[in-house]
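A quick write-up on the structure given underneath.
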Amino acid sequence: MEKWNQTSDDFILLGLFPSNQTGLLLLFLILFIFVLASVGNSTMIHLIRLDPRLHTPMYFLLSQLSLMDLMYITTTVPKMAFNFLSGQKCISFLGCGVQSFFFLTMACSEGLLLSSMAYDRYVAICHPLHYPICMSKMMCVKMIIGSWILGSINSLAHTVYALHIPYCQSRAIDHFFCDVPAMLPLACITASYGRVLFAVYHMRSKEGRKKAFTTCSTHLTVVTFYYAPFVYTYLRPRNFRSPAEDKILAVFYTILTPMLNPLIYSLRNKEVLGAMTREFGIFSTKKE
């Protein structure tokens, strides 16, 4: 049985294929597909750049799609192949973050770009007379830049979130790349709060312990309201999920939680109540 050193901050990628002849054959198949994809997308980009007849909005967007596909597959396959052939399944904390960022950026940006391409075809077919205006060169540039920027922002938020949360002793990711949903089951958020509560319980000052418990309980309430429906929605098996239930839970953590957070933080926080009293005069606090 393979064993890995988990005393460092490195993650372990369990990989896609078993370490045997069958796995090697499948890896070569993946590498063949990788070469075809790389050559095909590179060729498309080169052709669109050189041929003036392809300098139209549709092909301009298509060249960006090829670039995204090229970066998309390059983000995961080379590392997967290196790990399989070398027998080293480790990926550094920083490397995992970089891989996750670029993968999510490509995934989100490509989705947005595909929407832009669908709009391009819609205008060309349904409103051909308006096509030169609606799909001008400047509009294409805005669509492309918007796709990259929004994809990067979305990716950065998810990557920072995934790497910021604490992880338990096991850092073995059951995947062949650092995919955020595959990383979340390794998180030990509850354990980290347990350590905080343990430290608070052993505080010598009774007043300090009471204040700390109040602060922690408030934060834990907010964390529970946010993570409980989120985890229940996304970490369940797909066959146990229904669109109706997902929508109800989404309402909870996207609409109700933002509404409840100010109430939770203010009604149990003397500093906030005091500030509201000074500014609005609507609360009064008892002097101790």
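Cβ atoms are placed via backbone N, Cα and C, with glycine included.
Residues or ranges marked as transmembrane segment in TrEMBL: 24-47, 59-81, 101-119, 140-162, 182-201, 213-235, 247-267. The feature domain 'G-protein coupled receptors family 1 profile' is assigned by TrEMBL to 40-265.
For the transmembrane segment (140-162), the partner stretch with the most Cβ pairs below 8 Å, chosen from 24-47, 59-81, 101-119, is 101-119. Across the domain 'G-protein coupled receptors family 1 profile' (40-265), mean pLDDT in this model comes to 78.
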